[in-house]
Amino acid sequence: MNRTVLSRRVFAGVAVAALALAGCSSKGDPGTDPSASAAGGLASITGELKASGASFPNTYYQEVILSLKDAAPNFKVTYNSIGSGAGKKEYGSGLVDFAGTDSTVKDTDGVPAGSYLYIPTVAAPITVAYNLKGVDKLQLSPVTLSKIFQRTVKTWNAPEIAADNPGVTLPATAISVAHRSDGSGTTSNFTKYLAAAAPDDWKLGSGDTVAWPADTQAGAKNTGVAQLVKAADGAIGYIDLSDAKDSGLPFAAIKNKDGQYVLPTLEGATAALAGAEVKDDLTFNPLNAAGAATYPITAPTYLLVKPKYDDPKKAELVKAFVKYVLTDGKAIAAEVNYAVLPTELQAKALAQLDKVS
Amino acid sequence: MTVLDKTAQLTRKDRGRHADRLFWALCVSAGFAVLVILALILITMVKEAYPAFSADFFTSSSWVPNDPDGDGPAKPVYGTLAFLYGTVVVSAIAVIVAVPVSIGIALFLTELAPRRVRTAIVTLIDLLAAVPSVVFGLWGILVVAPALVPVYQGMHDVLGGVPVLGSLFGEPRSSGRTFMTAGLILAIMIVPIITSIAREVFATVPDSDKQAAWALGATRWEMIKGAVLPHSFGGVVGAVILGLGRAMGETIAVALVIGSSVQIAANVFESGYALPAIIVDQWGESTGEFTAALIGMGVVLFVITVLVNLVARFVVRRAEIRMRGASA
């Protein structure tokens with residue numbers, strides 16, 4: 001047990017070192033946008049930051065924190081993946097220095113207005129993974145998708161699915177739908193997408209938990225859903241990209257706003273970010289965004305930071321860390337299946353970060 | 001000389017009195033602490049859950065924590081009935097399965113087993129009690145649930161046509177994550193608890209009673225029926241109630257294998273939900289009234305547990321009175 005952990009650490013260390021080398025060698029490359037390294041002053045930083053929140057970007061933040069350990073050995077950051085809702089509660093009551101959230105702040109979250117700024121960090125596609133013998137390519141339109149998840153379409157050879165997949169022979173297998181049993185930002189973004197892209201057909205609304213039909217099945221976390229889909233022929237479920245890749249399941253290509261069927265990829269997600277309209281507070285909605293290359297079910301995630309910290313030292317630490325996430329962290333994102341921000345949005349996020357004091 | 005000293009020490013009044021008082025105070029405060037802790041838990045939970053207590057909360061079986069149409073007329077609905085139903089069904093299955101097995105094991109250990117076998121079995125059962133519930137849960141979803149699907153299918157094929165049983169043993173879920181699976185996993189989890197208490201209780205049956213039964217020419221079963229079981233009825237009910245309490249409160253194992261469908265279904269091969277399971281599943285992303293509703297579920301669970309205990313106490317008292325009457 002101990003040995004595995006140790007070897008994983010060592011492996012991670014090696015991987016990070018390799019990344020750092022890769023980062024150095026590509027610095028002269030004009031293609032690598034404004035990630036002009038923030039690492040310069042990092043080594044001298046000492047301090048501690050506590051954060052908690054969304055579990056969706058957790059893998060990414062943990063990798064960034066791990067790589068930060070090498071760049072700034074005396075800068076200790078902890079991120080607790082406890083869910084967006086709980087993270088906002090802790091942020092509102094001052095228990096953490098910053099928080100991660102997949103959703104915007106609402107009145108009931110316990111975070112007073114004016115006490116936070118949004119910093120978008122990464123995005124990730126939510127895949128629609130399926131398990132159907134003999135079908136390795138599947139295309140779905142949002143209307144069909146909403147019918148499948150509401151159980152009005154119950155077999156794979158239904159005319160709606162056939163219409164999306166011309167030329168494909170679909171078996172008469174019964175569809176079994178898998179969703180999350182725990183409250184989750186992934187569910188929230190998936191249902192928000194269906195509500196936006198199939199407004200006339202999707203009746204369940206959107207949220208971290210929705211009232212799924214009783215004849216669907218639920219699994220805990222992304223891995224639980226993946227396991228359900230894997231276990232039964234004819235199953236379908238929504239899973240974030242990294243867990244879906246690990247499970248080896250095939251994904252459906254989803255019809256985007258421009259009428260193109262696009263597979264979930266990091267490029268498709270970044271295209272969705274570029275196609276989304278960004279508001280002044282830097283919140284944006286990449287779900288069902290425009291653009292031919294856009295993968296439409298792309299979920300954003302933000303960090304909440306205070307515009308004014310009581311302790312100026314704390315403000316410096318938060319700025320240093322978030323800057324690290326936005327610049328050096330980019331190299332790590334792809335490794336763990338998260339899509340980076342488009343250059344323009346990254347610049348805006350860095351400008352927003354400068355308001356912190 | 002030393003004897004005199006001892007006597008003086010024992011009869012020295014003030015010292016004994018101090019120690020006595022201290023001991024008395026310690027015991028009384030420990031006794032009251034239980035009451036205070038219970039009361040505080042109940043008060044804080046009711047206070048936190050208050051915003052969610054509406055007519056719907058106790059009468060509705062639908063659970064729609066999100067607002068389905070944004071600013072539209074539909075409001076979130078927080079109904080506990082489906083979860084309450086799941087908890088009751090799953091615990092009932094667990095107790096029905098576990099009680100005969102546990103009493104059988106306990107009788108075997110106290111009345112039949114040779115000593116060497118006894119020690120080995122007791123150790124194994126204690127080990128079963130030490131397995132963490134999440135391990136039971138994972139074993140449940142990875143091994144037990146898929147393996148039971150054909151069994152459920154078989155039972156459905158045989159019993160599906162029978163009037164009442166047919167609706168109880170309906171078409172099984174393909175994932176095997178059902179009321180029945182959760183109940184069976186829980187049964188395995190509470191067997192060690194019931195067994196070890198029942199064993200202790202059976203061991204307290206006076207040898208004279210047993211000898212008397214033997215002397216009257218009783219067979220082993222008649223001896224157990226006439227001497228062991230009546231004497232230990234109260235204790236066994238206590239053991240069952242402890243097991244039931246564990247079953248109703250068990251969270252993670254049930255959350256994993258029950259299937260997480262919010263529904264009231266007579267079919268025990270259907271997926272359902274339970275009170276502790278919904279709390280652990282949805283706590284992290286809840287806010288405001290949603291959180292209050294989840295705490296309210298905790299209050300409901302708390303109240304049922306207390307009620308079950310009160311009923312059990314009543315049953316035990318009635319049985320004891322009856323038995324005293326019989327022996328007199």
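Every residue gets a Cβ built from N, Cα and C, even glycine.
Noted in TrEMBL for the protein shown:
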type: TRANSMEM; residues: B:22-46; note: transmembrane segment
type: TRANSMEM; residues: B:82-109; note: transmembrane segment
type: DOMAIN; residues: B:84-312; note: domain 'ABC transmembrane type-1'
type: TRANSMEM; residues: B:121-145; note: transmembrane segment
type: TRANSMEM; residues: B:151-170; note: transmembrane segment
type: TRANSMEM; residues: B:182-203; note: transmembrane segment
type: TRANSMEM; residues: B:223-244; note: transmembrane segment
type: TRANSMEM; residues: B:251-270; note: transmembrane segment
type: TRANSMEM; residues: B:290-316; note: transmembrane segment
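Annotation: stretch B:82-109 has the most Cβ pairs under 8 Å to the transmembrane segment (B:121-145), among B:22-46, B:82-109, B:151-170, B:223-244, B:290-316. When each of B:82-109, B:151-170, B:251-270 is scored by its Cβ pairs under 8 Å to the transmembrane segment (B:290-316), the top-ranked stretch turns out to be B:82-109.
Tertiary proximity for the transmembrane segment (B:82-109) is limited to same-chain residues at least six positions away from its ends with a CB under 8 Å from its CB atoms, namely 61-63, 118, 121-122, 125, 179-180, 182-184, 186-191, 194-195, 198-199, 201-202, 224, 228, 236, 239-240, 243-244, 247-248, 254, 258, 262-264, 268, 272-278, 297, 300-301, 304.
If you look at the transmembrane segment (B:251-270), the same-chain residues 6 or more away from its ends with a CB under 8 A from one of its CBs are 61-63, 81-83, 85-86, 89-90, 93, 133-134, 136-138, 140-141, 144-145, 152, 155-156, 167-173, 175, 177-183, 185-186, 189, 276-277, 279-281. For the transmembrane segment (B:151-170), the residues of the chain that approach it from at least six positions outside its boundaries are 176, 178, 180, 265-270, judged by C-beta separation under 8 angstroms. Beyond its flanks by at least six residues, the transmembrane segment (B:22-46) meets 295, 298-299, 302 of its own chain at Cβ-Cβ distances under 8 Å.
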